[in-house]
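Record features (Swiss-Prot):
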SIGNAL    1-52  signal peptide
REGION    53-606  region 'Ligand binding A region'
REGION    54-230  region 'Disordered'
COMPBIAS  61-75  compositional bias 'Basic and acidic residues'
COMPBIAS  77-90  compositional bias 'Low complexity'
COMPBIAS  92-108  compositional bias 'Basic and acidic residues'
COMPBIAS  118-129  compositional bias 'Polar residues'
COMPBIAS  130-145  compositional bias 'Basic and acidic residues'
COMPBIAS  166-178  compositional bias 'Low complexity'
COMPBIAS  179-212  compositional bias 'Polar residues'
COMPBIAS  221-230  compositional bias 'Basic and acidic residues'
DOMAIN    607-719  domain 'CNA-B 1'
DOMAIN    720-829  domain 'CNA-B 2'
DOMAIN    830-940  domain 'CNA-B 3'
REGION    904-1141  region 'Disordered'
COMPBIAS  908-918  compositional bias 'Acidic residues'
COMPBIAS  935-1105  compositional bias 'Acidic residues'
MOD_RES   1132  pentaglycyl murein peptidoglycan amidated threonine
């Protein structure tokens, strides 16, 4: 900056702080990328110097001859918060602020400029001193940073300074806690790398970065490279030898050489094969991936300091890949390959000899590189590649400092790294605060865009002026020629935007959408001046932030390189009228050489080749041509390993020849030959003639200024052997092959290798012989399948050639056939099972000699799995049998014959008892004829009853019966009755009866009755019966009854019965009855009944009766079930109701007698 108010030395606390920031862009030469370095020069000493460990500041003053005799004491005053107002919580949260001690000046006093939040007292009457420049040792721990910091304060500004610029009043523009921009869609641009201040001597402010070769100049035009492929290869080879570390390059005394973008993008490879023109990510195997940020120590991406993000990936390419196939490399969405230019074309993948393996294209929208393979992959095999890609934080997607998880991917395989994004802070001195970066380089239009933040901390600044200089500036703000420049004149595009109080500026110092800010460019039409390649904008008094966008022209150097520098500074006056300066200088300098020289292209390096011959060494002597049957071997894989570990492979041609070219003198290579299947390597160095011998499977060779075509190797066919022998029937089961024992044919034999893989299957011939042929030396396993109907014999009982080896055995081939693997089997014996089913008449479960067998009983046989393997029926003697059974577990199931009942089981010995309906049995080397079963027939009933009954009964019965009965009755009755009766009856009966009866009856009755009866009966009967009965009765009854009964009966009965009975009854009754009665009856009844019934009844009966009867009846309580156990009925009422039951039975028999009498009389009448 030029001090136009006082061209002599500034004498009052005048210091300038310099910041040198670098800007990384990508420049493509010979398929590689170059870094263009930028630096920033800062005016206004600030606290930011503390961030760079090596930064120092120098305080200098020029003596003013006109004022040295007139110095007055300076009254020191405190300026509180001189650099902290409006920025305590702003995203631009750090200030670089430096203060100088006060120096005496004759005409004025002033307060000192202070460090942030500190008070400093100035002294007075200090003799002015000449400002001297101090050389500072350059910093080397920031790759592309070169900063110097100095502060200069000018003489009090003229009184009319405040009147030069009228500032637009702003409404409430306080400091805000963050600076933000509206989100914008990603756009492709090149990144600017700005670094924090580092001290350098003020006389050396340039940065030079070698983009291709740090040792020698390379002056080759793009046209020459296109027309000269060999020169292109040479440059790539030079690049592969370049030291790509991040250490500084020795150039100018204080320059620091940063890493080259994409300088490490080297690939070593060898060939694939696949399907044409498709993505083959699945055929790419990633072996290593790493992400490194800057120096890799703290993972901090200092986006304004030129710190790059380095992505290293190593991968192999499958041999299936073919020309035209593609693979992908993905950048993280928050990075870009370059943000100063739009040149994002990726480097081609080449091998160390310069052959192109794949060409890449970059998609800005997806941030993805697509590589398309050349015919290289059709010529070579086993390709291994390494790739190093550099990228930078995308300021569009990352506008403010933050933490990110960056993810990169090769062929879809991802790796991630956490990083912290750090942006620069404004330079601050007093109320002056400013920062700037280069944002876009257009090499076609030869323009550079710079964006400047003016007063980003929104301080209240007075007499504000901003200078934009087309060069760097020195410590005093004077233009410094050389080391880059731009053209600043009336044709320079300068736009000014005002930031409202509610808007926040992005910390990235990069604006993509200016429409969100107020365009106030027109307000500076009369407040903008140009002079000596400097534009000055007069802002006047401000308390808002502003953005200046400058698009200036530049002139490339004669060799087409870029020497671009542009500075900007802000000056304001403090309350005493003294100027405070703060500023930046941005510059880009590129060069393709750093070591000097005449700029001519280095003579092309001579390259060499190696190779020769692979042959079949029939006589195994290791010497070519000693046997007429020897011939070349085609399609043998030969792999070359480069000194850096990368490889490529070729196959021998039809003549057995191979060759590798493009090899460098003095370097050591390794050649490996893959042993073809079915061959073995021959003898090594079988002769002293290096042109005729075999060098073995692997040979190392060093290039000594000439080709080496003597690297040969020979192979011979591996001999083959047989394995096998014999499978025989071991009739005596001794495990030894006897002369009279025959072979077994069609036995399956399986051969497996040492890994268990089946390599052959065969069957024995008619003699029991088998053989496997064409086998190599090694261990094998033989498995014999047991033939149907045979059992394996004992093994290993005698010598190998005569014994049995077992179902699975191991055989070893060692330079000879192995015909000792035998196996013996004997026929498996069969067994029978069965016995007898009989009629167990006495139901004791034992087979008695008098009991007979039951024929046609179905018997089923099941195996252990429950599968039916046989069904038969017993013969006329009750016998059954199953034959041809193996040892094992079985189940025998007997089907019960109709009408018969299963007898009791397991009552005696197995061969005489009954085993039940289902029997489990195990056969172990013998027959089993003990599986028997017995059945018996249920009993029937025969009853003969003769009853003569004379009964006079007066009965009062009270019965409570609950009965559940299901009854099925079929009755056929034929009755012929002739009755003459005269009856006079006076009966008074009170009966309460509730009856539920279900009856099915078929009755045919013909009755002729003449009755004369005189009966006087007074009966009061109240009967309540609740009966619950469940009865299953099967009865066959033949009854012949003759009864003569004279009875006078008066009975009143009330019964409530609920009965469920299942009864099957077949009754044939013939009754002949002749009855004449008027009377008084005396009844004697004798009944013998045998009944099997199951009944449950609850009965309550109260009876008053006078009767005489004799009834021998089996009590119901002694009725038995099918287990022959007494089954008692539940008690219902009093136990002395026997007489009541007798009366009821007496009445029943009297009625039966009358029926018989009537029938007899009728017959007599007939």
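Here the Cβ of each residue, glycine as well, is placed from N, Cα and C on the backbone.
Beyond the ends of the compositional bias 'Acidic residues' (908-918), by six or more residues, the same chain brings 835, 840, 845-847, 891-894, 896, 902, 929-934 to within a C-beta distance below 8 angstroms of the stretch.
Here the domain 'CNA-B 2' (720-829) has a mean pLDDT of 91 out of 100. DSSP assignment over the compositional bias 'Acidic residues' (908-918) gives 0 helix, 2 strand, 9 coil.
Counted with DSSP, the domain 'CNA-B 3' (830-940) comes out as 0 helix, 52 strand, 59 coil.
Secondary structure of the domain 'CNA-B 2' (720-829) per DSSP, as helix, strand and coil residue counts: 0 helix, 52 strand, 58 coil. Note on the domain 'CNA-B 1' (607-719): DSSP counts are 0 helix, 52 strand, 61 coil.
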